[in-house]
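Below is one structure; the comments refer to it alone.
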Amino acid sequence: MFDGYDSCSEDTSSSSSSDESEEEVAPLPSSLPIIKNNGQVYTYPDGKSGMATCEMCGMVGVRDAFYSKTKRFCSVSCSRSYSSNSKKASILARLQGKPPTKKAKILQKQPLVAKLAAYAQYQATLQNQAKTKAAVPVEGFSWGNYINSNSFTAAPVTCFKHAPMGTCWGDIAEGVRVEVPNTDCSLPTKVFWIAGIVKLAGYNALLRYEGFENDSSLDFWCNICGSDIHPVGWCATSGKPLVPPRTIQHKYTNWKAFLVKRLTGAKTLPPDFSQKVSESMQYPFKTSMRVEVVDKTHLCRTRVAVVESVIGGRLRLVYEESEDKTDDFWCHMYSPLIHHIGWSRSIGHRFKRSDITKKQDGHFDAPPHLFTKVKEVDAAGEWFKEGMKLEAIDPLNLSAICVATVRKVLADGYLMIGIDGSEAADGSDWFCYHATSPSIFPVGFCEINMIELTPPRGYAKLPFKWFDYLRETDSIAAPVKLFNKEVPNHGFHVGMKLEAVDLMEPRLVCVATVTRIIHRLLRIHFDGWEDEYDQWVDCESPDLYPVGWCQLTGYQLQPPAPQSSRDSQSSSSKQKKKAKSQQYKGQKKMTSLQLKEELLDGEEYSFLQGTSDQESNGSASYYIKQEP
């Protein structure tokens, strides 16, 4: 059994120093720590020698405070006791099938107090990790098997700035070494070994134990942010044993020399990686906070809701008037659909007053600084006006970009938008978008980017032409310069896998794929379902997550639809499409069901379907001229 790095080494006398001496490689330019070798132990890049374990009594302490040049013993008495027991240790080594050495090491025995302390610390660590990293397994579905069997590629964690570690993922990539539990071992205690990342898929990594070379028989997937994944050096500083897998334990006679050769100069996780993971999973929203959120039955207004639970930054909000707490709404804490108390009044947005005259005990208003800040706009000059035409993602059918109209101009850059041809008479299905929203577009956006534009319901002059429509309705198009033209370097590519919220059923997070990219706009397909359920989503949407997010946060992942569900889609797709389009954010819309049904019962239209996607991050060719 190996206890950290020192326990892997032979005696460091001159008789064996030639076997272990390795030149130190020059540091690589990287944000990740580089594993170094000073002839005795591996050190962190700051030059600290780290911790050491006494080879006689098992005490763990600061290496510089240990006895002798080799720093193998905590005191003179341990050094002398070790020498007197070396013969006994040699016999024990032979009985265990280990190769004899010139100076065999004693079988290390930690005092009972040290064992109890280590066990208590281990149990406390497990309990702490269980609170923040409870995994939710999905029966019958494995991201690793799904990706391996189909050679899929997953979107990197750096694409999701709102997700844990999204802004501090660093250079974690293939080849990075970590310390993980050794499952190929018959010892009764938990032991570890070093593994390298073979493939990355979001938070998940395909790992291969050191020493297996090109043998993939024991490769395994795990969440790199999990509690059992550690940087190289963790075992040495924690007094944990490093034991080579049973399959290859006789492959080398000097594992210390092997590790020195293999790991010197390699990259590993930062020493504070687990701390960063924990910090990135701390969320400012707390239960019992009150917020204003869109009314799912009347899109044109907001209501007061209370935070019932927080999972991975996603909030389950219960409308304040719901006595049985079943009238709920799911969204991310960075969603543009939630606001601080008083927001609606401040901008002139419609608001449903609660029948509850005073706050319930324990409820309190969420501080305004917790909410996502929108970009300031200058509405003093040329600005949006009521009646202006534009194109917008239909909030009741997120697979469609529709002809739309500015119905009301609010304060602070907010607009009420209506979908032409399917609006309720009382305007109850108008939807609030900010002027900088990536979900509204200038006239001609779909045509220039070869996206199918959904015309107004009942419009008979086909194919649809904006110039003719503007003339017929005596309308003008909203000026192009008023729209958001920023396209970030998002890093997404067509075919990448991810976990995405079904915004028509927002409590569900599903296995999904990026199928189109139009500048910053992503077409999200839910694996196993027909294309009609696809949704247009912004590249910075807080409703998109890396592969492995559900497992990391403890959220339930919805796997691809089974074959039986796929077979039944063709026969009932029209009914399903109706049901899905009638609801907003998870619940059926009560005021404009008939309008949406009539729209979906009409003829199928197909316009300007493109053959290529605009995947550049620039804004060239983003718009077309609005005049003929």
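In case you wondered, yes, glycine gets a Cβ from its N, Cα and C as well.
Those TrEMBL annotations? Automatic predictions, nothing curated.
Among the features that TrEMBL reports, compositional bias 'Low complexity' is placed at 1-18, 563-573. Annotation source TrEMBL lists compositional bias 'Polar residues' at 608-620. For 45-80, the entry in TrEMBL reads domain 'FCS-type'. As annotated by TrEMBL, region 'Disordered' applies to 1-31, 558-592, 606-628. Per TrEMBL, repeat 'MBT' is recorded for 141-245, 253-349, 351-456, 464-560.
Looking at 253-349, 351-456, 464-560, the range that has the most CB pairs within less than 8 A of the repeat 'MBT' (141-245) turns out to be 464-560. On the 0 to 100 pLDDT scale, the repeat 'MBT' (141-245) averages 94 in this prediction.
Under DSSP, the residues of the repeat 'MBT' (464-560) split into helix, strand and coil as follows: 18 helix, 31 strand, 48 coil. DSSP places the residues of the repeat 'MBT' (141-245) in helix, strand and coil in these numbers: 16 helix, 31 strand, 58 coil.
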